[in-house]
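For reference, the structure discussed in these notes is given below.
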């Protein structure tokens, strides 16, 4: 029996199907923790001066990590309270944030939080490629997709996203290993998101080409 976090009870489908997070709020829930992370790292010293108790956490990157973890939990809680479900991608990402964030604070080593994007993107890329290897296009489960594509469309889109996730993992490794912490934080917030938006928009022709009509979807 599947846990309700991942799948709604069929008997409640008609009642809960309409429970959706408004697009702007969904964007805020996704970007909010990242913005908190960026602000806390950039203004960490100011926050510590104003609230001395925060100094016990450590340098700005550690304060940013702690607030990032808290903001992630709050975002997931808001999403759950509104929909009674948690999309698989934010859920897995949130779990990794908490695990690697805790290691960062416990060991006082920011390497762990810097590796978090690498781990998450490699995980999703590997899952998608593994699914394709076994003849399964798992992208719809990862993104909780609302659109419907034919089999060829799902295969192509899944492969593209798998390679994109791997690309993001490689880029993250290059940036955090070769640049300052401040540069890495800025790129994580202001670089990855625009790149992802552009990539997503570039997939629209493929999605439109392989989209199923209501009649085709019913027949399939």
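Each residue, glycine too, has its Cβ placed from N, Cα and C.
As given in Swiss-Prot:
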type	residues	note
TRANSMEM	20-40	transmembrane segment
TRANSMEM	57-77	transmembrane segment
TRANSMEM	86-106	transmembrane segment
TRANSMEM	123-143	transmembrane segment
TRANSMEM	156-176	transmembrane segment
TRANSMEM	187-207	transmembrane segment
Contact ranking winner - 57-77, 156-176, 187-207 against the transmembrane segment (20-40), Cβ under 8 Å: 57-77
Surrounding residues of the transmembrane segment (86-106) on its own chain - C-beta under 8 Å, 6+ positions past either end: 5-6, 29-30, 33, 57-58, 62, 65-66, 68-69, 72-73, 75-76, 79-80, 112-113, 115-116, 119-120, 123-124, 141-144
